[in-house]
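Inspection log for the structure reproduced underneath, given as structure tokens.
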Amino acid sequence: MATQYPGGSHKAIDNGSNKASPLATIRPRNPPYLPTRLERLVTTLFPVLLVFGTLFSVISPQTRGAIYDPSQQAHAQDAALVPSYFARKSNLFNVVFVKRGWAWTSLALLIFTASHPSVTSRSRVGLRWAAVTVCWILVTQWCFGAPVIDRGFRWTGGRCDMAEREISRGGAAEAGMADVLTAMACRTAGGHWRGGHDISGHVFLLVLSTAMLLQEVGWPLLRWTGATEERTIIMSDGAVKGAGVEANMAPGRGRGKFELGVGGKTALVVGSLNVWMLLMTAIYFHTWFEKLTGLVTALVAVYAVYIVPRFMPVIRAVLALPGI
């Protein structure tokens, strides 16, 4: 049992052990509703990349001098004008990897979950993957009609130039059809979005998928090697305890024999490509505010799936925590 004191300090080590260490008596618990120190440190990678990429795009002569098309959220795609191979929407990494990013991320998670001994409950991994997938679908694919990104664009005054032409040609009777085109199929029909605020779908996807891999691969590996458990949870009786009290597997079983395995290596490759393409997106695509809202939207989804269960026992009973 952990003894609580004002200010969040505690007198027991992780995993509910009755033995107290001198360090544990002075180290404050991490509040369950906040990311841990390690999570905060790792998460800073995302805004740092976006800020660096944005500054680079302003400082670099090639990028600064290139023509930017706001309707495309990209530089002019002509081969003679585009500032870099990665500034092309048709670049191989964008077409093969980013456009199918959720499939690659899901495959990496599946391989790790199926093959690595640090995974304690494959069914709970599947439930958390499903929860994050629902967030991805709602934001980028479908949200009871148009996805959140499309709705946000419309709510901020965005329109499809093709829809505007249809309205001018067909009058008010065509306005309803044009409105659907604006929300659902403007680009497919060959039109371009103009005006409004377009949340960066690339930033959202890359941050969301990378953060999910960090949670689902990182925490199991840390517990497997015996690293200190920083996460805390609120129990059904209101007590705050180390997350390890609910663990199905003792920590440190992989101490001295740490290895990523094929699953960890696959996740590392996918995560590294995510980070690289996030940097390329930061340099060559979208405005800084579009990138910022893409980042915030992704972090909200990550918080909902991975942090909220720590202080809501009812949700934790379904989703559990990675590595627990």
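In case you wondered, yes, glycine gets a Cβ from its N, Cα and C as well.
Annotated active site per TrEMBL: HIS202, HIS286, in sequence order. Feature annotation from TrEMBL assigns region 'Disordered' to 1-28. Among the features that TrEMBL reports, transmembrane segment is placed at 41-59, 92-114, 126-149, 267-286, 292-309.
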Contact yes or no, the transmembrane segment (92-114) and the transmembrane segment (267-286), 3+ Cβ pairs under 8 Å, gap 6+: yes
Collapsed DSSP category at HIS286 (active site): coil
Cβ contacts of HIS202 (active site) (under 8 Å, same chain, 6 or more positions away): VAL98, MET277, LEU278, THR281, PHE285, HIS286, GLY294
For the transmembrane segment (41-59), sequence-distant contacts whose Cβ falls under 8 Å of one of its Cβ atoms, 6 or more beyond its ends: 35, 203, 207, 210-211, 214, 218, 275, 278-284, 288, 291-292, 295, 299
Distant-in-sequence neighbours of the transmembrane segment (267-286), which means Cβ under 8 A and at least six residues beyond its ends: 45-46, 49-54, 56-57, 60, 63, 73-75, 83-84, 86-87, 93-94, 97-98, 101, 104-105, 107-109, 111-112, 198, 200, 202-203, 206-207, 209-210, 213-214, 217, 260, 294
